[in-house]
Structures are given as C-alpha cells and as structure tokens.
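Peer 1: My questions will all concern the structure given below.
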C-alpha cells in the first residue's frame, strides 16, 4: 500500500518527500511522519508547549520587574541586584552542555517532565524567599535545571512534524514566547503596585512581588504535568532502535488526526536506524562517545557558526531588551522633570544621577510609572505581530535567507535608536528592532535543529543556547560602561554584533526540503 496523505492540510508534494514505500517496504521517518497528517494531535501539542515557552521567559526575566519593588523588603544594594539578575543565567551556563548530552542519551520526555518539576520546586522556593541569599541560590538552581527541559522540548516538538511544518512550529513557539513577553508587563502592572502584605503569625511575610513570582513559578509545574500525557519523540525512538514503539506512536497520532482506526495507518514498518535497543547505561556511554562527532566535519563547522551567531545576535539584542526598562525610565524621568522631550543621548543622561544617588536607605520606588509598562507592552505586542508575519517570509525566503535578512535588519533598527529625537521614535525602533531580533533568534534555532542528526541535536542546541547566554552576560556587563563612555558606543556595539551575525549566516548551507536525520 502506498503511503498517502489523508489530511489535506499536509501536502507531501510541498514537503519534497517521495511517498512510495509499499506494505513490504519500510518507511523512513520523514515518510512515516508525513503520513500521520497534521491535525488534533499537533494542535494539542502546540497547546501544551505554550506553557513551557512562557515559563522559560517568565522565570528568566521576572526579576527585572521584581527587584525594584522588592529592594526595601530584601535590603538590596545595586550590587545585589546585579548578582540576582545574573543568577539564573549563570545557572543556565553551568548546565547547558550536560543537559544536551543527557537528553540525546536518555530521551526527550523524561528530561522535560522531571526537569520542569524540579525547576518548579526551586522557582517556588525563590517566590517564598524572605532574604536575598535564599532568593539568589534558588534562582541559580532554577537556571541549572530549566536548561534541560527547554532544549529537550525544542527537539521534542520538531520530531513530531514533517519537513513542511517544522519551521512553522518553531515560529509558533516564538509567538508563544512573545506572548510571555506581553504577559509579564501586564502581570507586573496588575500585581506589583498593589500594597499586598500577608503576615503569618508575625514570623513570615509575603508581599505583592512574592505573588508575581509564585504565578511565574506555577507555569513550570503546569508544564511538567501536561507533558506526562505526551508520548516520547518517535524520531528519538527510531534512533535508539525502538522502532516498534515509534510505529505505535505514529499510529496513535494518525488515528487522532484522521479519525480513522490505527490499523488504517498506511505505514506498516519503519526503517531500522540502529540495530539494537539501548539500555540506559549503554545510552549514556554511547551518548558520551557520540559527542566526539561534534568535532568532525560538517558538525564542527555548523556548531561554530551557530555559537558565533548566537553569541553575537543575543549579546546585541538581549542587552538592549534587558536595558529597555531603564531606557524607558530615563525617558519618562526626563519628560517629567523637563516637561519636554529631546534626543536619546540627552535623555539617557537621566540614568547616571539615579545610579550615583541610589542607596538602600532612601529605597524609593515610583510605582505610578505607568509609561514604562506601556512601552514594554508595545515592544512585546510588536514581537507577536512580527512572528505572525514571519511565517509568510519563511515560506518566501527560506530559513537561511530569512536568518541573514533579520540579523541585518535588527542591527540597523536597534542601532538607529541613536538618532531618535522623541520617545515615540525610540519606542517604535526598539519595538521593531527587538521583534526582528527575536525572529532571527528563533530561526537560528530552527537552522541548528535541521542541520544536526537526532543523536547530536539536543547537545548542539544546548551548546548554541549556552553561547547565547554567555553573550547575554557579557553584553549586560559591558553595556553600562559603554553608556558611561558616551552615547554612540552602546548603539555601535549593538549594530556591529547584529551585523556580524547576518554576515556569518551567509556561510550556512540551505536546509530547504532537507529530511530530518
């Protein structure tokens, strides 16, 4: 029986997959996953991945909103805020390579379920913290454990989709992360200005910022629970010799998508990608030995490209994203004190007095500063719009060309903030520039996932994500000194590294219609 498509929405002709195995001929992964169609299962999977997508964003960025409000309760100095902001990223960097190796050896689902559960425990601990030491340690450990399920989840979802849908699914994930960007300022605006103080027997107190952290922590636990209902990746099962299990998973997907019996699934057998099932100990050993393949061609070339681009692009874009609340605060303060607007260079001078005059004794926070939340909301909303449009450009240009274009475009838009002479222009450039950068980051991940085989995919992604997080730390540390040295250097810095990403991306090979290995 020839493999055919029962679901009209998934057209194998568009995917570039030859669908010609017979009942006696084993099907490849690409042929079999195409035959499952695209329907209820895929939509349910997209619904489930919404929660880990926003969990990653909420739990890494939440402190940028919380620390100014919690500074009195926790007696925070400026140095304390810097350490706390970096704690989560430091944890991510220390564990990045480890989790990629474990995911490629033991499977995606197990890492996702237990990883998010443990992350949730530490996130709740951070939310209930009443001193800065507990908060810092809990955030550090949250960063260590959230790395695993995030990279495993990125591999897991594409391994349920055919070539035609993999790029779109990654863009959908980017939209979900953008929704998290949109949700966070709304939650902060709704919760942080409230003077909520809960005292338990006079020994333990919770404040509004604790409530915000608890809400963010809940998303990791919800993610863990939901993923218990999702099967293991069929591609991973095939790669580890569990072909019958992979076929059974695909039959269930087909039945749910088509409404037909599992017996009607046109694929009767799958290609044996490996001859033996692997025990856990052997999988770990083989996974460790397999890492050596990362240093051979073409993998070493691809991982060098991915790491350089992730470091350059994310150092450029995330540095601006993390400093946007401060930039908007400086603009707001200038307009408040001068009842006027000016060039961005003049308005950014408002940052310096606030940093120099800050002490833990005056400990004043302007909770009525609505403009910062509004501007941040506009930036997040623009990212969602950009991701919605990017699907069209992905199909038009392809993954490689879209990567090059978005890198150069975000570099130009973000560095052009230097020439802005009004708060409206700053907001517009920052919104479109960071939105384009978010698309570029997501497409870079899609490129890496396409270029590496199953047994190296998670470790490759982990290495690339680690390079990006190192870029975030380096950029965040350098940016204040660039601001102090003058107005032009920080924006030159942003434009230079964004453009470097676009230039280096020209060396990628095309992955259009490339079967998943």
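Using the three backbone atoms N, Cα and C, a Cβ is placed for every residue, glycine included.
Any TrEMBL annotation is an automated prediction that lacks curation.
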Peer 1: Can you dig out which of the ranges 350-369, 370-389, 450-469 TrEMBL describes as transmembrane segment?
Peer 2: 370-389
Peer 1: Checking feature assignment: transmembrane segment per TrEMBL, candidates 11-30, 211-230. Which range matches?
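Peer 2: When 11-30, 211-230 are checked in TrEMBL, transmembrane segment belongs to 211-230.
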Peer 1: Transmembrane segment per TrEMBL sits at which of 170-191, 236-257?
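Peer 2: Of 170-191, 236-257, TrEMBL gives transmembrane segment for 170-191.
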Peer 1: Match it up for me: which of 63-82, 83-102 does TrEMBL list as transmembrane segment?
Peer 2: 83-102
Peer 1: So what's near the transmembrane segment (170-191) in sequence-distant terms, Cβ-Cβ under 8 Å and 6+ beyond its ends?
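Peer 2: For the transmembrane segment (170-191), the far contacts come to 46, 49-50, 53-58, 61-62, 65-66, 154, 157-158, 208-209, 211-212, 215-216, 370, 373, 376-377, 379-381, 383-384, 386-388, 390-391, 394, 435, 438-439, 441-443, 445-446, 449.
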Peer 1: Determine whether the transmembrane segment (490-511) and the transmembrane segment (401-420) share at least three Cβ pairs under 8 Å, counting only pairs 6 or more apart in sequence.
Peer 2: yes
Peer 1: For the domain 'Major facilitator superfamily (MFS) profile' (45-513), provide the mean pLDDT of the predicted model.
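Peer 2: Across the residues of the domain 'Major facilitator superfamily (MFS) profile' (45-513) the model's pLDDT averages 82 on the 0 to 100 scale.
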Peer 1: What same-chain residues lie close to the transmembrane segment (401-420): Cβ under 8 Å, and 6 or more beyond its ends?
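Peer 2: Distal contacts: 309, 313, 316-317, 320, 343-345, 390, 393-394, 426, 429-430, 432-434, 436-437, 439-440, 443-444, 447, 487-488, 491-492, 494-499, 501-502, 505-506, 508.
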Peer 1: Where among 41-58, 83-102, 111-130, 136-158, 370-389 do we find the most Cβ pairs under 8 Å to the transmembrane segment (426-447)?
Peer 2: 370-389
Peer 1: Against which stretches of its own chain does the transmembrane segment (111-130) lie, if we need a Cβ under 8 Å and a gap of at least six residues from its ends?
Peer 2: 52, 55, 59, 73-74, 99, 102-103, 138-139, 141-142, 145-146, 148-149, 152-153, 156, 204-206, 210, 213-214, 216-218, 220-221, 223-224, 227-228
Peer 1: To the transmembrane segment (41-58), which of 83-102, 136-158, 370-389 is linked by the most Cβ pairs under 8 Å?
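Peer 2: Comparing 83-102, 136-158, 370-389 against the transmembrane segment (41-58), the winner is 136-158.
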